[in-house]
Amino acid sequence: MGDAAAALREATQALGETSDSPRLDAELLLAHALQIERADLLLKLPELTAPAAFSALVERRRQSEPVAHIIGKKEFWGLDFQVTPDVLIPRPDSELLIEEAVRAFAARQPQKILDLGTGSGALVLAALSEFPGASGVGIDASAAALQIAHNNADALGLADRTRFLLIDWKTPDWTDSPGSGFDLILANPPYVSTDAILSRDVAGFEPHQALFAGKDGLADYRIIMPALAKLLSPTGLALLEIGFDQANPVSEIATANGYHVELKQDLGGNDRLLILRR
Ligand code: GLN
């Protein structure tokens, strides 16, 4: 008989103040310490013993470090993504983009997919896993992020259908290099107001470059939106993640640029996604 179950209970209690999901966090950390999958941890719990290293991991989490940074990975769309402080940690909310992409392309497959601000590559790689005939381009202003995206494409066996390009949309002529005629454009750009007060997990550990977009959180949308015309195929769709209170301002920018806009909510009932078509 091991003591893993007791260690898990203790850790869950210790993380109650820091985390919204203390039990899940404790399970992921213990599985990592034991170098097994979480599913196996739960199956074999009564026989397992918590290794000494577990308590140090719990302490890091207690200091607000995200679990994804401690264990170096995050599950998104059922796939494992390598994650470091150089990339935004993929959020469950962003799975809505993939869900809606799959729905929108039920009858025809996208051939070319573009991910604006790809970070870990989560969006383009999850989409490629759903559309076996497609190829994808991910662009990002961070070379360190693109290294992670590359690693993820390799690990998921999608590298032969993916290209990652170092492109900063805050420079002129940035739309010259990614290509054009994209059937599907995905983007989770920075959209947080520089005045927003984020939790310590996010503000203290995730790349600010991937989060903040000027005082009103719309700076990057003002750049991306006019560029879509050059990137999107005539029948293409752009799926853009937005903040819960940004449906109106971002729709306005889209409409002013000549797009029809459809709004989708996430599981929490918040506005989360705009679907744009010409
Ligand atoms: N959803 C993220 C957060 O609130 C923000 C992501 C983004 O700016 N694209 O932490």
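Note: Cβ is positioned from N, Cα and C throughout, glycine not excepted.
What TrEMBL lists as domain 'Release factor glutamine methyltransferase N-terminal' is 7-72. Look at TrEMBL and you will find 112-188 tagged as domain 'Methyltransferase'. Positions annotated as S-adenosyl-L-methionine binding site by TrEMBL: GLY117, THR118, GLY119, SER120, GLY121, ASP140, TRP169, ASN188. The substrate binding site annotation in TrEMBL covers ASN188, PRO189, PRO190, TYR191.
Screening the binding-site residues THR118, PRO190, TYR191 for a C-beta under 6 A from any atom of ligand 1 leaves PRO190, TYR191. Within its own chain, GLY119 (S-adenosyl-L-methionine binding site) has VAL87, LEU88, PRO90, ASP140, SER142, ALA145, ILE148, ALA149, ASN188, ALA210 as residues 6 or more apart in sequence whose C-beta sits under 8 angstroms from its own. In the three-state DSSP scheme, PRO190 (substrate binding site) falls into the coil class.
Fewest other C-beta atoms within 10 angstroms, among the binding-site residues THR118, SER120, ASN188, are seen around ASN188.
Mean model confidence for the domain 'Release factor glutamine methyltransferase N-terminal' (7-72) is a pLDDT of 97. Within the set of binding-site residues (GLY121, PRO189), the lowest number of other Cβ atoms found within 10 Å of a Cβ is recorded at PRO189.
Taking the Cα atom of each, THR118 (S-adenosyl-L-methionine binding site) and PRO190 (substrate binding site) are about 11 angstrom apart. Comparing the Cα of TYR191 (substrate binding site) with the Cα of every entry in GLY117, SER120, GLY121, TRP169, these being the binding-site residues, the smallest distance points to GLY117. Taking each of the binding-site residues GLY117, PRO190 in turn and counting other Cβ atoms within 10 Å of its Cβ gives the largest count for GLY117.
Secondary structure by DSSP for the domain 'Release factor glutamine methyltransferase N-terminal' (7-72): 46 helix, 0 strand, 20 coil. GLY119 (S-adenosyl-L-methionine binding site) carries neither a helix nor a strand DSSP state and counts as coil. Those residues noted as binding S-adenosyl-L-methionine (GLY117, THR118, GLY119, SER120, GLY121, ASP140, TRP169, ASN188) have their most widely separated CA atoms at a distance of 18 Å.
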